[in-house]
């Protein structure tokens with residue numbers, strides 16, 4: 001089932017409960033694997049060091065009360081009922097909130113933004129409500145102050161870095177906690193020599209399977225999680241009935257007060273372990289693009305939430321009647337499992353831990369793809385593992401990096417206490433960032449009263465700040481790991497973004513004015529050879545400096561020139577009918593065009609064959625529509641007096657130009673309502689190209705000649721001219737800027753991959769032009 005086929009363009013009908021329930025079933029395996037395995041390590045991490053279980057049961061009942069209210073307030077109230085509504089046209093996650101704010105407040109740091117982007121369908125859907133006076137004042141303040149824009153970007157990057165850190169820590173703690181069931185069948189001093197190797201083998205196997213794609217094993221995910229949830233809830237009910245039917249009284253908030261009064265500082269420090277009961281809650285929002293709000297709400301409210309509550313109550317009921325514990329590591333999940341069921345439960349737990357780890361690893365791949373699309377992460381190889389479910393991707397470099405870091409954490413700590421401290425800090429930091437962004441979304445996007453936003457950030461922020469402080473105090477006991485990892489990734493991401501921004505500013509400052517082109521003859525003062533020259537540039541207006549640099553050194557160019565800009569916009573998807581902006585550069589006889597291809601951060605770039613075909617057809621459609629005066633949506637670039645026309649892909653040209661390419665006989669084409677333009681060249685081309693144009697008796701001769709010249713150039717082939725820049729800091733720059741540009745950005749640029757669309761072109765047809773940028 002294609003879980004991405006339901007989106008804004010194909011909404012789920014409210015009456016289609018069968019579809020909603022099918023999505024809810026699938027979400028159990030994809031979204032809730034991490035959250036459902038938290039009973040494996042919550043009590044064990046909480047009682048690891050700071051507090052001890054006593055005969056009064058104040059500690060165990062206090063922990064149960066904290067777990068119950070934390071699960072109720074954060075995942076259920078905050079995420080299910082509030083945060084899930086803040087979707088970015090069906091997409092969720094930290095960067096989705098940032099993207100949403102960028103559109104409403106224009107705080108995006110993407111350098112090549114255009115006013116024309118605000119006419120996209122995704123933008124228009126967000127402009128239906130009018131903001132109040134306070135909202136307009138806040139919006140104006142964010143847009144005026146560059147420092148505040150940077151703060152928002154850094155917050156988004158911190159949240160992203162913590163998600164990556166969670167991708168390292170969650171597989172480690174989930175698998176290690178599941179394997180820890182072996183400790184009950186061997187001596188205390190021997191089990192650690194078995195658990196670590198077994199956990200490492202499972203982790204290596206898990207990361208090795210990533211390149212196959214989750215769609216190959218996806219049908220197993222939901223049954224495993226459902227089996228696990230039924231298992232822990234059944235064991236919980238058994239323990240409640242058999243050991244302590246009155247354990248429900250501990251759900252009262254009064255027991256939280258008794259817990260803190262008795263344990264004091266130790267109880268506050270133990271909150272870092274209780275925090276682990278909500279690990280994976282962020283996945284409900286991050287994976288929203290694969291499902292729907294209603295399906296995720298149904299799965300959590302009616303299946304996951306009650307199962308987890310029963311599991312935690314069952315563990316508390318068992319521990320309340322077993323005060324004499326032989327050793328500390330027995331205060332965990334497996335000790336409350338009936339002895340005859342321990343090994344079957346152990347097998348199910350390991351499978352569930354693998355499923356939970358899979359979800360966070362895939363989520364890490366997705367968020368890195370979003371960051372890379374928005375210019376905040378170096379380009380990496382992205383492999384789409386499913387032809388139907390486009391959200392399932394695999395990034396080799398990130399996968400093996402996560403595996404090495406995960407193994408290092410597992411071998412280095414060798415216990416759940418330190419790993420849980422690290423995981424807790426990563427989880428709560430992401431939630432704090434989400435809370436901060438949500439308060440802005442409430443005012444700027446939902447146009448609610450500012451008091452509602454203040455209440456939201458004060459209520460949930462206070463709870464999360466309490467857990468954050470309890471996790472941060474464990475800095476030397478493992479919490480330093482996500483901080484160090486996030487700091488490293490933050491430096492990488494900000495260095496890349498800063499270098500990319502400075503490079504674009506250099507391009508803008510040194511672009512060639514249109515008057516320079518007008519002083520040249522129609523041949524541009526050089527020899528025009530057959531073919532199409534695609535000059536890649538980040539500029540959305542003006543002539544890049546690379547063009548004059550090339551012309552100065554090699555006085556020959558193609559008969560058709562296209563300044564091609566492939567840009568990302570801060571929306572998840574761009575509709576095919578809005579894909580291209582096409583216009584002219586200079587007079588008509590120069591045969592120079594500008595084409596801007598726009599993609600959302602969740603869009604998949606077309607392969608080279610389809611892209612070339614759509615590119616040529618969009619130019620041909622522009623030529624025809626320009627002469628016929630058709631009412632295409634257009635935008636004018638004031639600086640360079642260019643007028644760009646919005647033109648879709650070939651599939652959206654209902655009554656437009658189509659192109660046929662073959663090397664043999666003409667395909668069968670119904671020419672009743674079409675006119676075929678062919679080339680009268682006596683040469684025998686390698687590939688015949690024909691435009692099928694809707695019959696138009698009034699087509700001007702100049703338009704026909706221009707289309708024919710475009711066909712001839714297409715038959716001769718395409719060449720891709722790519723700028724190869726060497727970025728250096730200017731003389732007199734600060735030491736920090738020199739380190740970031742000359743060392744950081746230069747290292748990343750030399751070792752990251754080139755643009756995907758550049759790699760798809762044959763190397764024989766690619767020409768790199770080197771330039772030095774002093775920024």
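Count begins at 1; order follows the chain as displayed.
Using N, Cα and C of the backbone, Cβ positions are placed for all residues, glycine too.
Under the heading domain 'K+ potassium transporter integral membrane', TrEMBL lists 23-518.
Summarising the annotation, TrEMBL assigns domain 'K+ potassium transporter C-terminal' to 531-774.
The feature transmembrane segment is assigned by TrEMBL to 20-40 (among others).
Taken from TrEMBL, the feature transmembrane segment applies to 60-81 (among others).
What TrEMBL lists as transmembrane segment is 151-173 (among others). Tertiary neighbourhood of the transmembrane segment (151-173): same-chain residues 34, 41, 94-95, 97-98, 101, 107, 109, 142, 199, 203, 206, 276, 279-280, 282, 286, 356-357, 360-361, 363-364, 367-368, 371, 376, 402, 405-406, 409-410, 416, 419-420, 422-423, 426-427, 429-430, 433-434, 436-437, 481-482, 485-487, 489-490, 493-494, 497, selected by CB-CB distance under 8 Å and a gap of 6+ residues from either end.
The transmembrane segment annotation in TrEMBL covers 193-212 (among others). Listed by sequence, the residues of this chain that lie at least six past the ends of the transmembrane segment (193-212) yet keep a Cβ under 8 A from its Cβ atoms are 171-172, 175-176, 179-180, 182-183, 186, 350, 354, 357-358, 361, 383, 385, 394, 396, 399-400, 402-403, 406-407, 410-411, 414.
Taken from TrEMBL, the feature transmembrane segment applies to 219-241 (among others). Remote same-chain residues near the transmembrane segment (219-241) are listed as 25-26, 28-30, 32-33, 36-37, 39, 247-248, 303-304, 306-308, 310-315, 317-318, 336-338, 341, 345, 348-349, 351-352, 355, 358 (criterion: CB distance under 8 Å, separation of at least six residues from the stretch ends).
Positions annotated as transmembrane segment by TrEMBL: 266-286 (among others).
Annotated transmembrane segment per TrEMBL: 298-318 (among others), in sequence order.
Marked as transmembrane segment by TrEMBL: 343-368 (among others).
What TrEMBL records for 389-413 (among others) is transmembrane segment.
Panel annotation: around the transmembrane segment (425-444), residues 74, 78, 82-83, 86, 94, 97-98, 100-101, 104-105, 131, 134-135, 138-139, 155-156, 158-159, 162-163, 165-166, 169, 272, 275-276, 278-279, 281-282, 285, 450, 452-454, 456-457, 460-461, 464-465, 467-468, 471-472, 474, 479, 482-483, 486 of the same chain, lying at least six beyond its termini, place a Cβ under 8 Å from a Cβ of the stretch. Taken from TrEMBL, the feature transmembrane segment covers 425-444 (among others).
Long-range Cβ contacts of the transmembrane segment (451-473) within its own chain (Cβ-Cβ under 8 Å, at least 6 residues beyond either end) map to 70, 73-74, 78, 82, 268-272, 274-275, 421, 424-425, 428-429, 431-432, 435-436, 438-440, 442-443, 479. Per TrEMBL, transmembrane segment is recorded for 451-473 (among others).
Here TrEMBL flags 479-496 (among others) as transmembrane segment. When Cβ-Cβ distances below 8 Å are used as the criterion, the transmembrane segment (479-496) is approached by residues 154, 157-158, 160-162, 164-166, 168-169, 272, 371, 375-378, 405, 409, 421-426, 429, 471-473, 740, 744-745, 748 of the same chain, each at least six residues removed from its ends.
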Checklist entry - In the same chain, who gets a Cβ under 8 Å from the transmembrane segment (389-413) while lying at least 6 residues past its ends? => result 2-4, 167-169, 171-172, 175-176, 196, 199-200, 203-204, 207, 210-211, 213-215, 289-290, 361-362, 364-366, 368-369, 380-383, 419, 422, 478, 481, 485, 602, 604
Checklist entry - What mean pLDDT score does the domain 'K+ potassium transporter C-terminal' (531-774) have in the model? => result 73
Checklist outcome for this item: Top stretch by Cβ pairs under 8 Å to the transmembrane segment (298-318) (candidates 20-40, 60-81, 266-286, 343-368) is 20-40
Checklist entry - Which of 20-40, 266-286, 343-368 has the most Cβ pairs closer than 8 Å to the transmembrane segment (60-81)? => result 266-286
Checklist outcome for this item: Same-chain residues at least 6 beyond the ends of the transmembrane segment (266-286) with CB under 8 Å of its CB atoms are 31-36, 38-39, 41-48, 50-51, 59, 62-63, 66-67, 70-71, 74-75, 79-80, 83-84, 92-94, 163, 166, 170, 173, 259-260, 296, 300, 308, 312, 356, 359-360, 363, 366-367, 420-421, 423-425, 427-428, 430-431, 434, 466-467, 469-471, 473-474, 479
Item to check | Same-chain residue ranges lying at least 6 outside the transmembrane segment (343-368) that approach it to Cβ under 8 Å | outcome: 29-31, 33-37, 40, 93-95, 160, 163-164, 166-167, 170-171, 174-175, 177-179, 181-182, 202-203, 206-207, 210, 214, 217, 220-221, 224-225, 227-228, 231, 235, 280, 283, 286-287, 333-334, 337, 377, 380, 391-395, 398-399, 402
